[in-house]
Amino acid sequence: MEVSADPYEQKLYQMFRSCETQCGLLDEKSLLKLCSLLELRDQGSALIASLGGSHQLGVSFGQFKEALLNFLGSEFDGNTSSGFIERSLVITDEPLNNTYIESPPESSDREVSPKLVVGTKKYGRRSRPQQGIYELSVTDSDNTDEDQLQQQQNQRSLNGCDELGVQVQRSSSQSDLPGSRRLRSVHTSGSKLKRCASLPARRKMNSNTTGATTSPTAAAKLKQLSIQSQAQHSSSVESLDTVTPQQLETISVHSIMEAWELASIPNTRNLLHVLGFDEEEEVNLQQLTKALEEELRGIDGDHEQSNMLRALAALQATELGNYRLAYRQQHEENLKLRADNKAANQRVALLAVEVDERHASLEDNSKKQVQQLEQRHASMVREITLRMTNDRDHWTSMTGKLEAQLKSLEQEEIRLRTELELVRTENTELESEQQKAHIQITELLEQNIKLNQELAQTSSSIGGTPEHSPLRPRRHSEDKEEEMLQLMEKLAALQMENAQLRDKTDELTIEIESLNVELIRSKTKAKKQEKQEKQEDQESAATATKRRGDSPSKTHLTEESPRLGKQRKCTEGEQSDASNSGDWLALNSELQRSQSQDEELTSLRQRVAELEEELKAAKEGRSLTPESRSKELETSLEQMQRAYEDCEDYWQTKLSEERQLFEKERQIYEDEQHESDKKFTELMEKVREYEEQFSKDGRLSPIDERDMLEQQYSELEAEAAQLRSSSIQMLEEKAQEISSLQSEIEDLRQRLGESVEILTGACELTSESVAQLSAEAGKSPASSPISYLWLQSTIQEPAKSLADSKDEATASAIELLGGSPSHKTASRNNLTTSETSIFSTTPFESSQSGPSPTNSGNSNAYGANPGPAPISKPKRSQSPQQAAASEGEIADCETSSTASGKSFESNSKTSCLSHEKCSSPSALKEELKRLKFFELSLKEQIKDLSLQRDGLVMELQQLQEARPVLEKAYARTTHPTLQQRLNQLELRNRHLQNVIKQQQHYTESLMQQSWRQHQVELNDLHSRIETQGVLLADQTQRLQSADILVKDLYVENSHLTATVQRLEQQRARVNLIHQQQQQQRLVGGGLPGMP
């Protein structure tokens, strides 16, 4: 920072530098230290208060200097405008013998009599003067310090010589203290004179005093009084001729000769010549009188003695006239001072009245403010009590609803347990039948083996001779063997189907057990949530706590059903050529039994399928209830909270990594700078040695000036303006997006109002109608809360990829995972939180979720990511132009990452809106990339300069080695070329030193600027994240209130239907009674007319 040549400002800057902690900035502690060093009043509390509100990051030297000047100016104004200081000036030609005369106790004009003050008055006087404004007496004089200084200068100009002693005595006014001692002057000789300041100084004092700050009424009165006093004394004072002390002590020769001629003294010039005053133009009166007295003593003649006496008398007459003039002037000045003093007393009285009125108004205002604050406090207390009561009612209603939900859940649990027991009994019956069938099959197999063995033995006994082996029995045996093989294959297939059926039954049992476990867990979790909510209600009724727990959506068991199938062994019997008809009949009967068992198994399978369909229908029916909807909303909320926490953790880790990298680079840079400084100091020492050795002759070469730094500064300013404009555009787009979201929320409310009829008729729907409604709801855009939130683009998460990367230095990629729960091809763009990110070391990877066109097009470039995040959304299809633009942006990001050693993140891939929203971050990234390149170029230049400096050091070492030879050579002859070379080297060294200092300063400023921008952007990110969290909380609250309204409407509708049914029943009863009465009337009317 440039500091002026003022030594006081330089000293202040040195003190500022000694106290600073940051780079040119002061925090609160360093400000207190600097104020204590400057010895300010109250340690500069007012100065720190003026600086603390507007500068949160720190205070620079310029800001501190301006604030200090304002503080000192206010202090000086307060001191000068506090009141007039009454002083009296006594100016004498010689030192005076002053005596103090005790004045009697008198009633002062400005004295306020002490009274008993009732109440507490904080400001100014405690009572008002009893006398009137125009009944005040006149004091000596009321002068300020400036008037006294001017009077001293005028007195010095009046005296005109330094030999005379000037005495200026200041005393308080006579009316300030009762019984004060007045300063009197005792004149020992007639030549001593007491005078006051000249009239022009008094006029200036009047003009200064009347310019003081007063109220409008007092100012008008003061102006009238000053005009009257000036009109009274201007004529008498201005008519006088001012007489100086020189005129009193000296007189001209011409005036002496005229006075003597009027006194009829002959030969005046000869007389002056005799007295010794012939050649002088002005004569001292005392010396002339002394000379005349000496002449009178020495003269004997009467005539000459009379002439001398007449001359002496004429001199005394002129001196007496001068004294009269001086006395008249003093008298007029005294009158003028008394009038001024009287006017000043009147002004003081007016000011006292104004001060009392002002302080009375201040007290009234303070009382009114206190009353307003008390009223506001009472209203605030009322509002808080009302809120407390409302919150208590709300939470009591919530607890009642939760208890009803618990009762319904317990009933569902009982129903499911009964169904589970029935299924278990059926399963045990099926297992017993299956075991019986298996035993029968094994027995048949054993009988078949025995029969085969017997057939083989009979065939061997019969076919022992080849002569009795006809062809027909062989063919018949071959056919039998083929049929046997087919039967065996069928048996094996039946055994496999039996094993599969067992596996399915085992899986069904496991699923039933898992459902039971899930019910138990949900019940325990509901109880825990009730306990937590009760504790939260006790702690704070109006604040919502942040829950960090596993969402209910993750309570599903992910256990795979174990393979519970049993390995079956199939024994193949030996084939035989012969068979028996009885055995074949037994086998046919067994086949019929197995077929019947297969039919039973198929019927059981159908039964299981029907049960599964009923379970699905029951689940879908339960999902349509508002309780399940609220549960889904709670799960989505917890997922969003978890995603937000993951995002915060991710960015914190990123920031910590960036800070560590920045600190490492700064340490490396400081080490290099330290080494370069050491080398530079050594070089400077050697250059000084050479300067001492050789003389400095020759002219300096011109320094090369370059305008690169100015151009770079102008470019940086232009880029900063662009960044500001882009940030303004982005804020406008965010405001538009918020308005669109609000309109969509209103649409959702309307849809919820239309869906009341569907919810009221849900109790009368069958399983098929429930399935159809669920399918239609799956197709609709607002079928589930998660799909609706996806449509509103409120759910978003920069999920971390779970794939292990080879390079641990680069962080895991940020994913935009696809697949919303309601529909896969949702056509809406989401604004991810990573769009506002600035520094990121993760490359961008696109996720492949479903058959979306963006992912299918980029399947070759990017690998498929692992499983989707708990909350995900598919991307929209985009035009080829937009896709090309997004690919170009990704390529730019990749090139910038390879050049600067860091990769910047870019999520602007999907549509024009997201591209416009990401314009400011991309501009920031380009600017940071360019600054990084510029920093690298500066480092290269510094390295080049350090190499040049090392070369110069080597040259200087060589010159030192050649020093004795050069000394001998210079002793013989002179070498101007070496001298010029040395001068050039010195100039070059100085130029290099200046360049290095400039570059160091510029790099430091760049680093500070980038760090400040980084901090500002981090704060902006935090604020945006907080606003988004608040918006999400508001939306969830609105959705919960909408769900509660739907529930209330459903309950009311059910009550209304019940009342309608009851009324219809009553109407039917009334109609029946009416019909019966009519019939009775008809019967009663027919009896008397009978024959």
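Keep in mind that glycine also has a Cβ here, set from the backbone N, Cα and C atoms.
Note on THR144, THR558, THR825: Swiss-Prot annotates phosphothreonine at THR144; no matching annotation appears for the rest, which is not proof of its absence.
In Swiss-Prot, the region 'Sufficient for interaction with ens' annotation falls on 487-526 of the listed ranges 487-526, 927-966. Just one residue in SER137, SER226, SER714 has phosphoserine written against it in Swiss-Prot, and it is SER714. A sphere of 10 angstroms centred on the C-beta of SER714 (phosphoserine) encloses 11 other C-beta atoms. SER594 (phosphoserine) sits 95 Å from SER714 (phosphoserine), counting Cα to Cα. All protein chains shown were included, and the count of other CB atoms within 10 Å of the CB of SER594 (phosphoserine) stands at 18. Taking the region 'Sufficient for binding to microtubules' (1-361) as a whole, pLDDT averages 62 in the prediction. DSSP assigns SER714 (phosphoserine) to a helix in the three-state reduction.
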